[in-house]
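Q: After the structure tokens below, expect a handful of questions from me.
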Amino acid sequence: MAGTPPPPLPPTGGFAIPRLPSPSGSRPRHSINNSFSFGPQNLVDSLAEANTSGASDRRRSYLDPSRSILHASPLRSSPRVSRRAKTTASRHPLANDTTDVFQDDADDEGEDEAHEWTIVDRMRLWRHDALMQHLYDSAAFWGDKIVSWTNDPNDAFWLAQTYFLKHEYSRAERLLTRPFPTTPPRTGPLASVTNGTFQPPFAPANVKGKGREMAPPSMGGGLFDEIAPGVQRLPVGPGEMIDVAIQYDEGVSRLVDMSVACRYLAAQCQMRQGKWNDALEMLGESNPFRNSGRGGPDAPNVDGGIKIEASMCNLRGLLMLKLNRGDQAKACFMEALVLDVKCYEAFEQLVDGEMMTPEEEWEFVKSLPYREQIPADGDFVRLMYQSRLRKHKHTEEHALVRRRLVDEYGLGDNPDVLYSFADALYTQLRWADCFAVTSRILGLVSIHKATIPLHVACMYHMKHLHSKLFLFAHDLVEKEPESATSWFAVGMWYMCVEKYPEARTYFSKTSLMDPRFAPAWIAFAHAFSMEGEHDHAVTAYSTCARLYTGSHLPLMFVGMEHMILSNLKLAEEALLAAEHMCDSDPLLFNERGVMAFMKDDYEGAAKLFAQALNLAQVVQTSQLAWVPTYINLGTALRRTGRLQEAKAAYQRVLEIDYRNVAALSFMGVTQHLLGNVEAAIVKYHEALSIDPINGYVLELLEHALETSADMGPFGTKGAPIGAPGDESWAAKMREHRDLKGKQVAQDMTADDEMMSM
């Protein structure tokens with residue numbers, strides 16, 4: 001027989017751990033000792049073995065990733081099946097053995113004896129009742145005693161859940177990953193004696209019928225000397241796995257190798273402790289059940305809950321985000337939703353984290369297998385998910401979705417449905433209407449995480465609500481000091497009063513509390529831009545673009561900053577990249593029009609401004625919000641010589657806001673170019689009545705007055721010779737008009753350059 005090959009040499013300058021011979025090399029080692037890795041491969045191998053070997057349904061059930069954790073409900077605490085009692089006395093529902101995470105579907109036919117309450121049953125009742133009343137210390141205290149007596153994996157699972165709820169993550173992880181006996185001991189530290197017959201507070205899981213009653217111990221040395229002989233404790237310490245391999249062949253395993261639910265809970269504990277790589281190793285870099293034969297989207301969910309396989313994919317995605325692996329996180333969240341469309345957390349991460357473009361997320365959510373997984377409720381779930389998508393596209397479909405949720409399902413006053421309506425109004429820049437809806441939502445529920453950023457943004461845009469924003473931010477900090485949205489509201493208040501360094505301080509605090517809170521990142525960059533720190537703003541917006549790969553807004557803002565810095569080539573690249581992600585945002589087309597105007601492409605600019613206004617009409621946005629685009633359109637048309645169309649654009653602005661100084665000034669310029677000097681003077685006076693110290697308008701008025709004085713009633717050449725009906729009169733009038741037009745054009749050239757930007 002060939003000898004054992006020597007261990008590989010260590011790398012230069014390193015140290016190697018020598019491979020020790022196994023003291024139990026002559027007998028097979030248990031699965032927990034095959035490797036020190038915490039990866040899920042052993043669990044997958046056990047599932048495959050259970051499928052191919054025809055193992056019992058009990059073993060398959062707690063290895064099945066297509067089940068939920070409904071079977072770990074408080075209605076059952078042990079792996080044994082419930083028995084029908086002959087007596088009329090009823091047990092407390094929390095003590096009934098009906099379902100658990102370690103299901104035992106074995107048939108106990110022939111056993112029909114009455115089940116009497118034991119101390120373990122009563123303590124299980126105490127444990128679950130304490131959990132329901134949030135008395136976690138009580139639940140942990142009694143649950144620990146139960147585990148010491150029973151060595152029941154399901155009791156250990158519930159104890160780990162209790163530690164998790166107490167935020168004792170290290171303690172829960174230790175319980176789930178240490179060696180654990182798979183069968184309960186035959187005796188415990190407590191026992192009861194009834195009519196001279198010894199009965200332990202539990203029965204071994206592998207003993208059925210009358211065999212559950214055990215003979216009393218020998219009374220020779222005294223009852224209490226031998227009634228609790230105890231069970232040999234498993235070794236603990238750094239070498240515990242090797243110690244277990246030496247002393248035990250069977251009956252010992254880790255809970256994470258016995259149950260998918262335990263492995264998922266252990267990974268949750270590791271993530272809460274910041275051990276992201278360890279948690280990822282616990283779950284696996286990719287879904288280990290994808291090709292196992294039992295997992296996948298086609299595997300039926302027999303119990304109607306949420307597949308734990310989908311929950312594991314969602315947790316894997318969160319870990320990928322922690323490790324800055326955004327593309328893999330996106331794939332994990334998408335897989336979680338495909339596995340189980342009820343996994344809302346994965347949907348929330350995809351949509352709120354803006355990992356997909358608006359068109360991609362619409363098509364993905366639309367194609368999920370709703371009817372295959374939940375035939376009765378699939379349509380409702382699809383409508384709820386579609387109502388949460390971004391509203392830049394599919395405007396009519398979004399309106400139909402909201403109408404159906406209100407009319408067919410009666411959710412007209414539901415906060416989530418109202419939030420969908422508020423989000424659509426905010427996208428249309430209808431601040432007042434959006435504020436009315438968000439106020440209604442916060443009147444129904446004091447805190448709604450998705451609504452608060454919209455509510456705060458609306459108060460920021462409407463100046464008369466700034467004082468209300470101050471009070472609202474203080475109220476949030478008092479109610480929810482640990483919430484990121486509270487400090488975001490404080491930062492927005494400082495933005496209102498133009499204290500940008502203080503605002504950035506609170507936005508930084510918000511992003512530290514919740515690194516995936518998109519409004520704080522965007523507002524942080526806005527604070528730099530408004531303060532004139534455009535280079536820093538470009539850096540901040542670029543960080544947003546890297547974090548939120550499905551949003552076009554950071555790229556659009558990068559382009560706007562580059563235009564301010566006169567980096568036209570970089571600005572154009574950023575705006576085109578933003579358009580590739582979302583080709584239906586009117587604001588983006590407005591910025592592209594400004595870019596074309598700066599490059600002296602006035603025809604292209606006019607087309608882009610007109611397209612922006614057409615898109616704004618499609619989404620029924622607020623007309624007041626698009627006044628700058630109308631002014632931009634008029635200026636571009638005026639530069640191309642289409643004065644009548646420019647005049648119509650400015651007139652449209654005055655219909656919306658008759659006190660708009662820019663529109664009045666540009667209307668005066670257009671009238672001046674058309675030769676209507678007197679009308680131009682009137683418009684200049686109207687503009688100055690609103691803004692008396694506007695230097696540009698004062699200069700334009702001065703030119704108009706000089707032109708009017710020089711021209712006189714018949715221009716600079718005096719009155720024409722001949723009667724009004726003579727041919728000479730007509731010739732002189734034509735010459736007069738031509739001269740007047742040239743003079744006006746010369747006067748307006750310099751001023752037009754200043755006013756157009």
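Residue positions begin at 1 at the first shown residue.
Each Cβ is built from the backbone N, Cα and C atoms, and glycine gets one as well.
The feature compositional bias 'Pro residues' is assigned by TrEMBL to 1-11. According to TrEMBL, the feature region 'Disordered' maps to 1-41, 73-109, 178-200. Residues annotated as compositional bias 'Low complexity' in TrEMBL: 12-26. Taken from TrEMBL, the feature compositional bias 'Polar residues' applies to 32-41. Sequence annotations record features per position, and here TrEMBL assigns repeat 'TPR' to 484-517, 627-660, 661-694.
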Q: Tally of helix, strand and coil residues over the repeat 'TPR' (627-660) according to DSSP?
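A: Counting residues per DSSP class in the repeat 'TPR' (627-660), I get 27 helix, 0 strand, 7 coil.
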Q: In the repeat 'TPR' (661-694), how many residues does DSSP put in helix, strand and coil?
A: 27 helix, 0 strand, 7 coil
Q: Mean pLDDT for the repeat 'TPR' (484-517), rounded to an integer?
A: 94
